[in-house]
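Colleague: Just passing along the structure, written as C-alpha cells.
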Amino acid sequence: MEFYASLKSIAMHAPSECIKNVAFQEFLDTSDEWIEKRTGIKERRFASVGEKSSDLGVIAAKQAIERAHLTPQDIDLVVVATLSPDFLAMPSTACVLSAKLGIENKPAFDISAACTGFIYLLSVAKAYVESGMYENVLIVGAEKTSSVLDFKDRGTCILFGDGAGACVIGRTKHLKESILDVQISANGNFSNYLYTPRTLKPTPFNAKEETSDPFLCMKGNEVFKLAVKTLLKDVEMILEKNALKPEDVRLFIPHQANLRIIQAVREHLDFKDEQVVLTVHKYGNTSAASIPMAMGEAYEEGRLKKGDLMLLDAFGGGLTWGSALVYFGGS
C-alpha cells in the first residue's frame, strides 16, 4: 500500500443552551441526584428551535477543514452520521451540510447507525481513502436528539443532548499516523431494544391507519446489559488482533452514553484515569456526535497530540457496535 488513511483534523461544536438536571424536576418525577447517580450526567446542551443537525454539523465541519489546512473545495466526499436528520426521508443531511459549506458536485450521503455512527464513518472513510478513490473525506457526526425525545419519558429524555463533531480523513505514508483498524458489527434481532417508531404515513389502501409518535424508545436495562457485554468483547478483540495492550493506548475515548457503561469497560481493561476521556457529565449522550465531540475536546485541552493512539468504542440502536484504533495524524 502506498498510503494509509489518516485522521488529519478534529473539531467539535456544542450548542450554547445548557440544560441542567434540575430543569427536569419541573415536569418529571426525578431529581438531579437520581439522574447523576444512574447516568453520570450533570447537564447537556440543546439546540435552539430553529437549529437543525446540519447547522450544528457545519460549524464543526468548517473548523475541521480549516485545521486540516484545506478549503471546502478540497473535500472529495462528505458523509454524515445522524439519528436526527434535517429531513425525514430526503434530502440527506450530508447534502444539506455540503451546500452550507459551499461544496458542489461532490458525493454526499448519510449513515444510519445510531450511536455507533462515528465508528461506521471511520470505516467508510478509511475504505474510500485507502482504495485511492478519494483523497480528502469529511466525516461528521451531527445530532439534534432533542427533536426525537419524549419529554414525558423519564427513561430517555434525561439521557440525551445535542452537538456535533467533524473530522477530515486524508492520506499518510506513516503507519503511526493512520487509522490503524476499524471493526463494525450489527444484529437486527435486537432492533426493538432501541428505536424510533415509523413516522411515514401508510398508503391509502391500508384498511386501518396506524400512527405513532416519532419519539426515541429504549429498553434501558436490556440495552445496558448488552452494551457492557458486547463492548468488553469487542474492545478485547481489536486490541488482541493488533497485538496491543491497554497500556499501549494513549487515550480511551468511548461513546458517552452512560458513565456506568464506560466505567465497566475501563475497570475490566484496567485503563488509568488519565487515559480515559469523559464528557458524558457535561453533554450527555449525543449519539453519533459523542465520540468526535470527546475527541475534539481532548484536542482543544491539549490531551490529544500528533501520533497519539486512541481506542474508540460505541454501541447503539440497530443494534450496532464497533471499535477503532486510530493514531492522530493532525498537528
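Using the three backbone atoms N, Cα and C, a Cβ is placed for every residue, glycine included.
Summarising the annotation, Swiss-Prot assigns active site to Cys115, His255, Asn285. Sequence annotations record features per position, and here Swiss-Prot assigns region 'ACP-binding' to 256-260.
Relative to the rest of the structure, where do these features sit?
Modeller: Applying an 8 A CB threshold to same-chain residues 6+ apart, the list for Cys115 (active site) reads Leu83, His255, Ala257, Asn285, Ser287, Ala288, Ser290, Ala314, Phe315, Gly316, Gly317, Thr320.
Break the region 'ACP-binding' (256-260) down by DSSP state and the numbers are 2 helix, 0 strand, 3 coil.
Taken residue by residue with DSSP, Asn285 (active site) is part of a strand.
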Colleague: Do any residues of this chain, six or more beyond the ends of the region 'ACP-binding' (256-260), have a C-beta under 8 angstroms from a C-beta of it, and if so which?
Modeller: 38-41, 115, 159, 224, 227, 278-281, 283-286, 290-291, 293-294, 315
Colleague: Return one of helix, strand or coil for Cys115 (active site), based on DSSP.
Modeller: helix
